[in-house]
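Each remark here refers to the structure printed beneath this line.
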Amino acid sequence: MNRKLLNRLILITLVGIQFWFIFIILNYPSTDITLYQSQEKKWIVEDLDNNSIDIGLQKGDVILKINQNEPDLHFTVQKWRDINQFETLIVSRNNMELEINRDNIKILTIFDKILLAMSLLCLLITYVLYKQADSSKSSQYLSMVFIAIEFTLISVDTSIRGDILGKIFTSFFVMLMPILFLHFLIVLLKEKSNAVISTKYLSFLYSFIIILNFPLFFIYFLNSPLTYYVYIFNKYIVMICFLVGLLLNFIFLTNIYIKYKKEESYISTLIKTIWISLFISTFPFSFFSFLPNILFGEEWIDSFFTCWFGLLFPLSFAYLLLSKKLYDIDIIFRRFLFTIIISIIPSGIIVFSNELTHANNLLTHYIVSFIITTFILSLLLYSFEYLTTKFQRIIFPKRYYLNNALKKISQNLRSISSFHELKDITLVDIVNTMNVFGGAIIFKYNDSIETISEGDIDLNKATKMIETNEVDDDYICFEITDHEEYTSYLVLTRKKTNTVIGMEESQWINLIITYLAVNLENLYLIRKLTMKLEQLAVHIPDEKTANEFLWFRKFMFELQEKERVRIATDLHDTTMQDLFFLKRRLNSLIEMNDMNHKHTNEIKNIVSYVEIINVNLRQSCFELHPYLLQETGLVHAIRKLIQLESTMNTFEIEFSVGNEYQIEKRNIDVKSHIFRMIQEMITNTKKHAQATKVNISLHIMNHEIKLHFEDNGIGFNGKINKEQDTLQSGMGMEQIKSRVLYLNGQLKVESSIGKGAKFWITLPDKEEKTA
């Protein structure tokens with residue numbers, strides 16, 4: 001049978017049963033007249049509720065007729081040995097016959113109204129859970145728990161009226177509730193912590209409950225004395241199964257807690273909180289109602305009152321899931337439990353003091369109680385601040401955690417000297433502490449925007465929000481500084497728990513923003529100073545005074561290389577890794593057999609395009625960080641560069657080398673500068689020369705390194721705007737000249753419009769000293 005059709009049939013059946021239950025409740029009052037049969041085969045009233053007392057029935061009355069028929073013929077007497085769903089009764093009392101009519105009995109008692117109201121509440125919660133949190137599988141299972149609770153409530157209300165289906169469904173859903181809740185807990189823990197939990201045994205538990213209740217459909221409809229004994233026996237079975245199911249919940253939570261206690265602090269805390277909360281919620285009706293009924297045959301406290309404690313736990317879960325505050329359950333529980341513990345002792349003293357003064361007159365009793373109560377509460381309030389400070393880690397764990405994070409971030413801010421370090425050190429801690437998906441610091445200049453980000457955040461969406469000053473529900477924006485040259489913002493995504501930022505977190509983030517404002521101002525000044533240094537590099541004197549600025553050239557080159565290595569590493573560790581996993585996922589889709597030919601070809605084209613992007617990024621990484629210089633040497637690195645450039649450009653590159661062994665004996669610093677000069681000249685040719693052929697030669701002659709570079713492009717007139725060339729590209733002619741001067745070499749350039757360009761670079765031959 002189609003699964004959808006089966007689900008619809010089940011839904012229609014359950015709705016139909018609900019209507020039947022409502023019909024019974026609205027047409028028959030709850031009388032609950034318990035009978036026992038005497039040795040003379042007479043049916044005598046053993047117990048009755050308030051409704052039956054109101055119509056004049058008493059314990060010990062002998063039932064003569066029910067609806068003008070013998071009592072044995074009434075189905076509730078046959079099956080349950082009580083009287084329900086009757087019109088008239090004829091009873092014998094003190095040898096007098098009395099006729100009792102049910103017209104004087106209230107159809108709906110307070111008990112019925114409460115059950116119906118709670119049933120409607122469960123249905124409402126089920127609907128809200130299903131609609132508002134439909135993306136959460138745990139919410140769907142929690143809605144099923146509320147359906148089971150609703151069916152249990154309305155079945156109980158129908159069962160006490162003697163309805164057969166009401167008693168069957170009461171038995172079924174009371175057994176089912178702890179198993180459903182166990183299933184919900186498994187799904188919840190999988191959803192919130194990615195825990196690996198087996199669910200195979202759940203099928204057995206569901207099957208066991210169905211098999212256990214299925215015979216009731218036959219036995220309860222039989223007019224046989226056996227029905228009553230099965231009914232009594234089944235009541236004990238239901239309570240035992242419920243308690244066993246509840247015990248399985250505790251065993252499951254205990255096992256998972258032991259398994260993940262050391263691996264994940266969050267899941268262990270969540271499980272511990274659920275365990276304690278579930279125990280507190282189920283303790284009253286388990287230990288004061290069900291267990292005494294099983295062991296002694298009567299409840300110590302009526303289950304009508306204790307069962308409401310059990311409803312508080314799933315209700316709290318529904319609230320926490322709908323308000324997206326499930327991850328805060330530990331904080332809420334800690335504070336609630338701690339306030340209870342604090343209140344126990346003063347409450348006990350107050351009660352004890354009342355007991356001591358009970359024998360005295362009323363005025364003295366009130367005076368002494370007032371003095372003692374005032375003193376205890378004053379002492380408690382006076383010591384509250386000390387207690388909260390002393391036990392902050394227990395009472396306010398969130399605040400304690402935030403304070404520690406604040407100390408860590410403030411210490412790290414002392415050592416930050418670049419925006420990259422700001423991301424790696426501070427922004428990471430902010431994202432982790434706030435428990436958000438991602439965050440970014442955005443600098444809005446007069447004509448541009450700069451961003452640094454961490455985690456999962458859409459920078460395009462965040463920057464658009466800053467530019468347009470629009471409010472976006474997915475992001476939280478804090479202004480850090482409002483400088484005349486720029487404005488900086490801290491943008492955070494929504495929390496992973498989808499909760500709003502609390503008061504403690506809001507205070508913490510405001511403190512962090514204060515620290516960031518000072519730090520960003522310093523970083524901005526450092527950046528401006530660095531730019532001034534770069535401008536100064538353009539105007540450094542020529543060869544005659546170059547030695548005086550040798551330290552400065554070395555410093556600038558080291559900064560450039562460090563930044564290139566950082567960028568190359570970031571590209572390799574992030575973007576290229578993402579492309580690798582994307583390609584693997586797409587290839588796995590291609591291997592699936594259920595895709596048509598058209599879609600397969602489209603995915604193959606996407607894979608090819610991803611590979612092109614990957615190749616381009618690999619080339620960029622190599623150009624930024626030519627690792628082959630150290631691994632295989634300068635000549636091999638140059639050939640690799642030429643090979644990569646040849647595949648991407650229209651001009652042909654010829655490379656010749658002489659005395660390769662002697663060249664490779666140079667130190668890594670010299671080889672790095674030679675590589676960068678060749679790279680910069682190829683880049684300039686690619687951008688400006690429009691050449692079709694490039695010749696590069698590298699050899700040693702007369703104890704000097706000779707580098708010759710020639711292209712057949714459009715040439716230039718030799719008048720280069722130094723400042724613009726250097727500041728914009730960082731790889732212009734002045735960069736080449738600076739490197740030559742740093743190595744104490746000479747540069748000769750020959751070019752004119754339409755006749756290409758030639759470069760002759762001569763460097764002193766200084767071999768690397770070896771031990």
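Including glycine, each Cβ sits where the backbone N, Cα and C put it.
Feature annotation from TrEMBL assigns domain 'Histidine kinase' to 674-767. On the 0 to 100 pLDDT scale, the domain 'Histidine kinase' (674-767) averages 77 in the predicted structure.
The transmembrane segment annotation in TrEMBL covers 9-28 (among others).
The transmembrane segment feature in TrEMBL is assigned to 107-129 (among others).
Among residues of the same chain six or more beyond the transmembrane segment (141-162), those with a C-beta under 8 A of the stretch's C-beta atoms are 14, 18, 21-22, 24-25, 28-30, 32, 75-76, 79-80, 82, 84-85, 111-112, 115-116, 118-119, 122-123, 125-126, 129-130, 169-170, 173-174, 176-177, 180-181, 183-184, 187-188, 311, 314, 317-318, 321. Summarising the annotation, TrEMBL assigns transmembrane segment to 141-162 (among others).
What TrEMBL lists as transmembrane segment is 168-189 (among others). Under 8 Å from some Cβ of the transmembrane segment (168-189) lie the Cβ atoms of residues 17, 137-138, 141-142, 144-145, 148-149, 151-152, 155-156, 158-159, 195, 197, 199, 202, 205-206, 209, 212-213, 216-217, 220, 234, 238, 241-242, 244-246, 248-249, 252-253, 256, 267, 270-271, 274, 314, all in the same chain and six or more residues away from its ends.
According to TrEMBL, the transmembrane segment annotation covers 201-222 (among others).
Residues or ranges marked as transmembrane segment by TrEMBL: 228-258 (among others). Residues 78-81, 167, 170-171, 174-175, 177-179, 181-182, 185-186, 189, 195, 197, 205, 209, 212, 216, 219-220, 267-268, 271-272, 274-275, 278-279, 282, 286, 290-291, 293-294 of the same chain lie 6 or more positions beyond the ends of the transmembrane segment (228-258) yet place their CB under 8 Å from a CB of it.
The transmembrane segment annotation in TrEMBL covers 270-291 (among others).
Taken from TrEMBL, the feature transmembrane segment applies to 303-322 (among others).
According to TrEMBL, the feature transmembrane segment maps to 334-353 (among others).
Here TrEMBL flags 365-384 (among others) as transmembrane segment.
Here the transmembrane segment (107-129) has Cβ contacts under 8 Å with residues 25-30, 50-51, 139-140, 142-143, 146-147, 149-150, 153-154, 156-157, 304, 311, 315, 318, 321-322 of the same chain, all six or more residues outside its ends. DSSP labels the residues of the domain 'Histidine kinase' (674-767) in these numbers: 34 helix, 32 strand, 28 coil.
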